[in-house]
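See structure below.
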Amino acid sequence: MARKKYALIGAGNIGGTLAHLAALKGLGDIVLFDVVEGVPQGKALDLSQCGPVEGFDANIKGSNDYADIAGADVIIVTAGVARKPGMSRDDLLGINLKVMKAVGEGIRDNAPDAFVICITNPLDAMVWALREFSGLPANKVVGMAGVLDSGRFSHFLAEEFGVSVNSVLGGHGDNMVPVLEYSTVSGIPVSELIEMGFSTKEKVDEIIKRTRGGGGEIVALLKTGSAYYAPATSGIAMAEAYLYDQKRILPAAAHLSGEYGIDNLYVGVPVVIGANGVEKVVEVKLSDEAKANLQVSVDAVKELLVACKGIDESLA
């Protein structure tokens, strides 16, 4: 059987961590792409020299040529400018939209059969633009945010309830619309634990607020960059679900065609990821409060797309 091929577009902190994780897990050969000459080559060489020590034999290549991503089974896109302290995701829109155009065209021309995972921010707008520029089917282009948000939410809930993180399942969409009925501790919904007196709604609301600002909290602490370990781990989880046909339910920014009453937008929802990409959007029952919060998120995404179309008329 031919070895699988990963193309990682963007050789920054997330891209480098993705390459290391993919090699350690034996997921296949890796192309690390970046427009800056020397950076992907240097990181690829450094990572390759880990192989004899860590026991992997992945072929890791650094490249500045999109032709080298040809035949990739999975492409994970992290290219773009990272947030700096005081910078909002919306500030990134104009810069990263141009990056998505170049990346989308590179994928279209060299790896049109790949499953594409976008991590670049602002996520909901960038994954939409990437699909538009690449022309790939909507089920083969997805955004990574919900897995990361769920990981952060689960970590904070585990701290609150004093349990193992493995005992917590966080289920909620991108742009942070937590659905507490589907977030459980050892199988018990968080909403019921609040009713039982194990925590308070005020405390859980604080956790939700901290999760919403989870990326910004790390940016403020690092001062010179943004999170990369957890985002990379989340991207690999999505890639594995596709490559191994796991039919795994994961929260992701997926293209909606009427689900949740939303059409032609990328919004964070639970989806089934398997060998056909996004195989199904899981429509869970939402409370009136969750529906209202989801609509706020949808309206924010729509505003970003209007801005995108104003920047690049080909998207209109």
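Cβ atoms are placed via backbone N, Cα and C, with glycine included.
Values in this document were obtained by computation on a predicted structure and should not be read as measured data.
According to DSSP, V36 (NAD(+) binding site) is assigned to coil rather than to any helix or strand. Packing around V36 (NAD(+) binding site) is summarised by its Cβ count: 11 other Cβ atoms lie within 10 angstroms of its Cβ, all protein chains included. According to Swiss-Prot, the feature NAD(+) binding site maps to D34, V35, V36, E37, G38, V39, N121, an assignment based on similarity to another entry.
Feature annotation from Swiss-Prot assigns substrate binding site to R89, N121, R152; the stated evidence is similarity to another entry. In the three-state DSSP classification, N121 (NAD(+) binding site) falls within coil.
Annotation comment: Swiss-Prot describes H172 as active site, proton acceptor.
Cβ neighbour count within 10 Å across all protein chains ranks V39 highest among the binding-site residues V35, V39.
When the binding-site residues D34, E37 are scored by other C-beta atoms within 10 Å, D34 scores highest. The number of other Cβ atoms within 10 Å of the Cβ belonging to N121 (NAD(+) binding site), over all protein chains shown, comes to 25.
Spatially close to G38 (NAD(+) binding site) yet at least six residues away along the chain is no residue at all, judged by Cβ distances under 8 angstroms. Across the residues the record lists as binding NAD(+) (D34, V35, V36, E37, G38, V39, N121), the two Cα atoms farthest apart are 24 Å from each other. You'll find the Cα of E37 (NAD(+) binding site) roughly 34 Å from the Cα of R152 (substrate binding site).
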